[in-house]
Amino acid sequence: MKLDEEFLHDRDHSFLTDDEENQAALACSDDEHDGDDDGRRGGENSDSSSPLSRDRSDNNLSDVSNPPWPQSYRQSMDLLTGMTPPSVSFMPQSSSRRLASSFQKKQQSSFCDSLSSSSSKPLLSQPVPDKEETILPVNPQSQLKLSVTDLPLPEPNLCSFSQSVLNGTNVLCGLGLITMPYAIKESGWLGLPILLFFGVITCYTGVLMKRCLESSPGIQTYPDIGQAAFGITGRFIISILLYVELYAACVEYIIMMSDNLSGLFPNVSLSIASGISLDSPQIFAILTTLLVLPTVWLKDLSLLSYLSVGGVLASILLGICLFWVGAVDGIGFHATGRVFDLSNLPVTIGIFGFGYSGHSVFPNIYSSMKDPSRFPLVLVICFSFCTVLYIAVAVCGYTMFGEAVESQFTLNMPKHFFPSKVAVWTAVITPMTKYALTITPIVMSLEELIPTAKMRSRGVSILFRTMLVTSTLVVALSVPFFAIVAALIGSFLAMLVALIFPCLCYLSILKGKLSNTQIGLCIFIIVFGVVSGCCGTYSAISRLANQMTD
């Protein structure tokens, strides 16, 4: 039975969502109530000093059967980064609880003690079970039937240092890369130091999030950080911002795929009998949406989860193709362009923010590491690599195409060159593999809000997902301006997610433990984020309005 106990102990330190931890704690709370009152009281006393316990008491979160929304955040975001493919799963909750019921009372107490070591400070308080509930005596025969000592146990799905670097780089090197030359065209060459500055401060805010995670073992995700800092309201606000950011990324995927396909096939058009005509970008937007729709219906996203990790290779391939076209295929590099353009700087800042906004999954990467103490080094490597790649692509693209550079540099590359075709198809295929993974966290969070189990049937789920995907198509057709949408996302959402809220949460959770230098630096980043966000959002909305009226 020792192996069974170790398995349950491993499960405790593995990827558990908030509701799973509380259900596991509930399975052993009877024994705590009967024989471990002193230990439980001690845990409560130690709990009372943590930010999370204060948050619990302030918000009266005492019903473990109704934990705060979203419960599925960690699981769904792990799929997005490829850290925890859905095919690699642990024993279902019901099986774990049945197995726990077969243990002797002493073994249950041991499991509860180990659970309290890391989960005694969850975001949700644990209810005291009814005194009438008792643990039935153990039947040796049933114990033999339920024993899993002869079965191979899954290893804890923790990431090595190199895997964590790969996951972090995959999150950062995404849609922002393809529009970096356009961003430098808007701001001029002095935009490059600003890009470097953004890389430094966003890396620093990632380290601040790590310190928030270290403050209590119950904090495991970005919404958890928000709840620890500002209660349930903070959890809801941050969750909504993160899901809106993911939704906007799905819209950008459709725009990106349709723009590149229409560049390959510009003469495609369709006229409907009712007098409606569709041009090439509109046709390919609809077509690519139909192609990704079946992937959103899937329940098992294992293959897509593994393929999405190839996003790092795709980003490197795009940079190599761009350089090859300029150096080998005769386009050449020309040292021209403006030095600085203040009027367009807010748009550039928004795009830079869009390129560095990976903070939604940083807590997941930290929690999944075998050695979390090396997380700051992971961030430094990821941000350094992405910054170097961003600068290289921005310089190559701007010197190759000058003021004619478009919102996506793949649209400028001559289509008759083989590297150009490789780059364009890479820009088409990569979003196809990431679309379902990006929209799945939104789907899972919204499905949590469905009131009855009868409404959560497979057919209703497919209909719901189809409607959500269709809505991203409608938005993409309404605002088919890749760079402007990227600037809007970066100015409004990324400034909040990557700059403002990490600092605010850090100041709140570690209040009274920070030096004046740390407080001053956080205030500076907050002010910078607010000013940049307001200016960039206004500029992006103004451009969007002008484009819509043209």
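Glycine is treated like the rest: Cβ placed from N, Cα and C.
Per Swiss-Prot, the feature compositional bias 'Basic and acidic residues' maps to 1-16.
If you look up Swiss-Prot, you'll see 84-99 marked as compositional bias 'Polar residues'.
What Swiss-Prot lists as region 'Disordered' is 1-99.
The transmembrane segment annotation in Swiss-Prot covers 164-184 (among others) and is backed by sequence analysis. Among residues of the same chain six or more beyond the transmembrane segment (164-184), those with a C-beta under 8 A of the stretch's C-beta atoms are 80-83, 191-192, 195, 249, 252-253, 256, 308-309, 311-312, 315, 318-319, 337, 347-348, 351-352, 354-356, 358, 361-362, 365, 368-369, 374-375, 378-379, 381-383, 385-386, 389-390, 393-398, 401, 405-410, 427, 434, 482-483, 486, 490.
Sequence annotations record features per position, and here Swiss-Prot assigns transmembrane segment to 189-209 (among others) based on sequence analysis.
For 236-256 (among others), the entry in Swiss-Prot reads transmembrane segment.
Annotation source Swiss-Prot lists transmembrane segment at 264-286 (among others), citing sequence analysis.
The transmembrane segment annotation in Swiss-Prot covers 308-328 (among others) and rests on sequence analysis. Tertiary proximity for the transmembrane segment (308-328) is limited to same-chain residues at least six positions away from its ends with a CB under 8 Å from its CB atoms, namely 80-82, 166-167, 169-170, 173-174, 177-178, 389, 392-393, 396-397, 399-400, 409-410, 413-414, 417, 419-420, 422-423, 426-427, 429-430, 433-434, 437.
Residues 74, 77-78, 80-81, 83, 159, 164, 167-168, 171-172, 174-177, 179-180, 182-184, 186-187, 191, 194-195, 198-199, 202, 205-206, 209-210, 213, 219-222, 224-225, 242, 245-246, 375, 378-379, 382-383, 386, 390, 483-484, 486-491, 493-495, 497-499, 502, 532-533, 535-540, 543 of the same chain lie 6+ residues outside the transmembrane segment (345-365) yet bring a C-beta within less than 8 angstroms of a C-beta in it. Residues or ranges marked as transmembrane segment by Swiss-Prot: 345-365 (among others).
Among the features that Swiss-Prot reports, transmembrane segment is placed at 375-395 (among others).
Residues or ranges marked as transmembrane segment by Swiss-Prot on the basis of sequence analysis: 424-444 (among others).
Per Swiss-Prot, the feature transmembrane segment maps to 459-479 (among others); the stated evidence is sequence analysis.
Look at Swiss-Prot and you will find 481-501 (among others) tagged as transmembrane segment.
Sequence annotations record features per position, and here Swiss-Prot assigns transmembrane segment to 521-541 (among others).
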Given a Cβ distance threshold of under 8 angstroms, which distant residues of the chain, six or more beyond its ends, lie next to the transmembrane segment (264-286)?
254-255, 257-258, 415, 421, 424, 473, 476-477, 480
Residues from the same chain, set at least six apart from the ends of the transmembrane segment (521-541), whose C-beta lies under 8 A from its own:
201, 204-205, 208, 344, 346-347, 349-350, 353, 484, 487-488, 490-492, 495-496, 499-500, 503-504, 506-507, 514
In the same chain, which residue numbers or ranges, 6 or more beyond the ends of the transmembrane segment (459-479), come under 8 angstroms Cβ to Cβ?
247, 250-251, 254-255, 258, 282, 285-286, 289, 292-293, 296-297, 439, 442-443, 446-447, 450, 485, 544, 548
Compare 189-209, 236-256, 424-444 by their Cβ pairs under 8 Å to the transmembrane segment (375-395) and return the stretch that comes out on top.
189-209
